[in-house]
Amino acid sequence: QVNLLIDNEAEKDYLYDVLRMYHQSMNLPVLVGDLKLVINEPSRLPLFDAIRPLIPLKHQVEYDQLTPKRSRKLKEVRLDRLHPEGLGISVRGGVEFGCGLFISQLVKGGQADNVGLQVGDEIVRINGYSISSCTHEEVINLIRTKKIVSIKVRHIGMIPVKSSADEPLKWQYVDQFVSGSGEGKGSVAGLASSGGRDNKEKKVFISLIGTKGMGCSISSGPTQKPGIFISNVKPGSLSAEVGLEVGDQIVEVNGVDFSNVDHKEAVRVLKSSRTLTISVVAGAGKQLFMTEEERQREARLREQERQELMHQKRLALETNKIIKEQQEKERLRKLEISQKAAEEEERYRREIEQITAEEEKFKKEWEEDWGPKEPPKSLKTVTAEVHSAPHSKHKTFGWFYQYEGKFPTIRKVQMMCEQKKNKKEMEFEQKLAKEKEGMLEKEKQLKINRLVQEVSETEREDLEESEKVQHWVERLCQTRLEQISSVENESPELASGRPSAASATSVRRFAGGLQLHTTDLDDINLDEVDKPKQCVVPPPLPPPPVTPAASAQPLPTSKVQFSRGPSLAVTSASQVT
């Protein structure tokens, strides 16, 4: 049944992938939403019934509720056209749009709503006449012919949608349709309904009078796809002018059905008349006459469509997941708030009970000590009498004293209770404020710690780099000092015969014609600098003659202080005689 109802291979693959994913996740709403992406026109609605046996028994009731309720039986209603509120119905469609006439909107509480019509019903007959080949205007005129309009409908559950003349016809499910008021409902999955079949039936009229022929060739289809197909169309021919193309299937010629005719009979019918009315299904056999390159291009397009469908499915799943997570977070937050409110209410109730118990205890002790209270006096009596404050007298009654002062009145006790209640409420509000301040302080401290950690890591890296540079400079200075010392201690002959390798220079030509001596500092190997320098001890030379002036005056020396190194005595080379 899938092969009969779905011609697009990409949609077939997507349908099979959806069923496999359902048997892994067992998520029925997602399955129905994905199926609506493929079952996107009324002719494919039987697939819902074909898929139902694949659904487990525990999900079949819910499956029936989620899928559209398609009715095969016709329902007849009668409406009064002269009713003050009108018919209360809006329709869309017609043969010029390539579809039937469907109810798209109902007035709530109107005639159509009261008799049981629904959005998504297809109107089959009006006043006993079939409207399958009527335009929209003809249907409206047919409704206006009688005062009492008899309408026969069947429920499809889908509505045709076409925003402009150039846009292809699309279908939307009733639960996804957005009414004129802007209200709509439906899940995220399956909202993007694709267009109907690419194979559209059309009629052409050809007159062969005064022509050389139709200018096309026909072929019989293979066993798996029988029928008569157009296999070749000559450019500029009569067939090309009326819009026939390679791959179109001929289904009827002059009233003769071509579904089950053989090739010879088809040729005979086409040659039997000079005027032909041909009904064809555009592109029904296009794949039979494709080249290998066209097949590969078609396969790539089919794979792209399949990937697009899978992308829509993934997007719907991610969106549904995000919505569920947000709903779960909101539910947990409300549950936590309700729990806290219940706890505070319980604590408050216990405190009130404790205060009430203390009041009862105090009242009982009062009655035991002083007897029952007198009824309160009237306001006039209280204002007329002026009582002086009684003096406190302490009389011994056994082991306790009798107190004759004033005890708190009931009004004062009530005021004290109210003050305690207000105090508890203020403490609760202060506690919540402190918790909020604590949370903000913790977040602030975490940010500060994170910044401190980042700054400390940056400073540590800078410090390591500076220590490396300083260590390299110290070793370079020590190497230079050792070279200078060796030059001063050696004889002039040895010094001239053994030039220092580290001071090797070269003449380098720069821009502008300048030739400058250049020394490359990168030639110094720091690993060799750290090794102890092995010097060849020259043979002892006879001491030079010492003049009195030279022996009397010591050579001037100067100390050079280096960072992090010992102070060395250095003698200038110009002072050595």
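Each Cβ is built from the backbone N, Cα and C atoms, and glycine gets one as well.
Taken from TrEMBL, the feature coiled coil covers 315-365. The compositional bias 'Pro residues' annotation in TrEMBL covers 537-547. According to TrEMBL, the domain 'PDZ' annotation covers 76-144, 203-273. The region 'Disordered' annotation in TrEMBL covers 487-506, 517-577.
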DSSP residue counts for the domain 'PDZ' (203-273), split into helix, strand and coil: 14 helix, 23 strand, 34 coil
Mean of pLDDT values spanning the domain 'PDZ' (203-273): 86
DSSP helix/strand/coil residue counts for the domain 'PDZ' (76-144): 15 helix, 27 strand, 27 coil
